[in-house]
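Feature annotations, reproduced from Swiss-Prot:
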DOMAIN    30-193  domain 'EngA-type G 1'
BINDING   36-43, 83-87, 145-148  GTP 1 binding site
DOMAIN    203-376  domain 'EngA-type G 2'
BINDING   209-216, 256-260, 321-324  GTP 2 binding site
DOMAIN    377-459  domain 'KH-like'
């Protein structure tokens, strides 16, 4: 080991089993979505899977007001269980809203459990959701809930008619059958979330932003000006809510364009589903084009959508729309707003556009390509540790508790987004981690992509490993 604490021999860069376990935890876990009509027991099932009371459970349809995700562990397997949100149903809009929920789930989850009340049987809404899920190509499991009697057992058997295979008879309230259901699900659930695994086909783009910011206008401009909406690409299954558009000589998949085109107020629950669809579009995308109204001050809504994007870890392009309405005074104010409000996303490329006039819209394509290239980037372990050695020698970590922590070793655990794990002898202050991120960007680029830095505290090989922080 060198004096500054980094490893000098490349043989020391090989990871032991404990290190590999740390790296596995850095990879995004697969997502299991729990979907179904209101009051069929979705949140009760989530709580049963988690082994603790997390999801709000009341005997009132629509009590879940948003899509909520929880980290879960079953027989040593990590995964994320997603409690899809409820709504205030009415007789007219119920079927459409259940279908909407299933549509979001099938694009953002790696597997789906459809929960049906066995004592009621398959309703029209249940069957509509089943049809959508069958088209998704994702693993789908049917949970026949509220099976607490012999009669309910017989009722569950009638659900074979839904075409989803064997109905798994469960009682989320009492735990019956849930373990067997999970064992079956985990056999089909991938080890890592598919959203971050390399795959073929067009790159996935989400246009997001607050209402009336110009998402639909931009989509129409991109599709209409190019005269190149693609309906059939070999080997590609297209979700009805997506659009394939050729831009810059390649085909891009714009996710959830049906959500952009639908008129506000067309169905009950639209305000709730505006939020759900935004989250769903971000989760389904690889790169997010975040539209901001350049002619108006930044709002809380802008910042909420921005938080969703950062949390999801997607590549990002900031599109300042309505630039045709911006005068010199507004430009000065906007620059100050960006410096003050968007400090956490300075790494995103900014493109000033007008969806209405078409100004600079073509510049979005190279910005998206740059962001995706950064998002996909992997730094080999050798160059990464050589870089760490130079940085630490010039600027060591600050002393903490009378001791100076040393960075022993660094590796990139995953791409999409680039996630780095630093093995250290002590905790690194948040300020020093931000410093390392800045230096990473200066050296390796990463324009348009978030970077995640995780710290694992350990001693030199052969020493007792302290707890993680």
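Note: Cβ is positioned from N, Cα and C throughout, glycine not excepted.
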Task: Among 36, 39, 42, 84, 147, which are recorded as binding-site residues, the nearest neighbour of residue 209 (GTP 2 binding site) by Cα - done: 84
TODO: Rounded to the nearest Å, what's the C-alpha distance separating residue 323 (GTP 2 binding site) and residue 147 (GTP 1 binding site)? Just drop the number here, would you?
DONE: 58
Task: Alpha-carbon spacing, residue 36 (GTP 1 binding site) to residue 212 (GTP 2 binding site), which is rounded to whole Å - done: 30
TODO: Tell me the Cβ neighbour count for residue 212 (GTP 2 binding site), meaning other Cβ atoms within 10 Å of its Cβ, over all protein chains shown.
DONE: 10
- [ ] Run through the domain 'KH-like' (377-459) and tell me, per DSSP, how many residues are helix, strand and coil.
- [x] 29 helix, 22 strand, 32 coil
Task: Cα distance (Å, whole number) from residue 215 (GTP 2 binding site) to residue 84 (GTP 1 binding site) - done: 25
- [ ] Quick one: among the binding-site residues 36, 209, which has the most Cβ atoms sitting within 10 Å of its own Cβ?
- [x] 36
- [ ] Can you grab the distance from residue 42 (GTP 1 binding site) over to residue 215 (GTP 2 binding site)? Cα atoms, rounded to a whole Å.
- [x] 33
- [ ] Determine, to the nearest whole angstrom, how far the Cα atom of residue 212 (GTP 2 binding site) is from the Cα atom of residue 147 (GTP 1 binding site).
- [x] 46
Task: Overall pLDDT of the domain 'EngA-type G 2' (203-376), taken as the mean - done: 82
TODO: Could you measure between residue 39 (GTP 1 binding site) and residue 215 (GTP 2 binding site) for me? Cα positions, answer in whole angstrom.
DONE: 34
TODO: Translate the DSSP assignment of residue 36 (GTP 1 binding site) into the three-state scheme.
DONE: strand
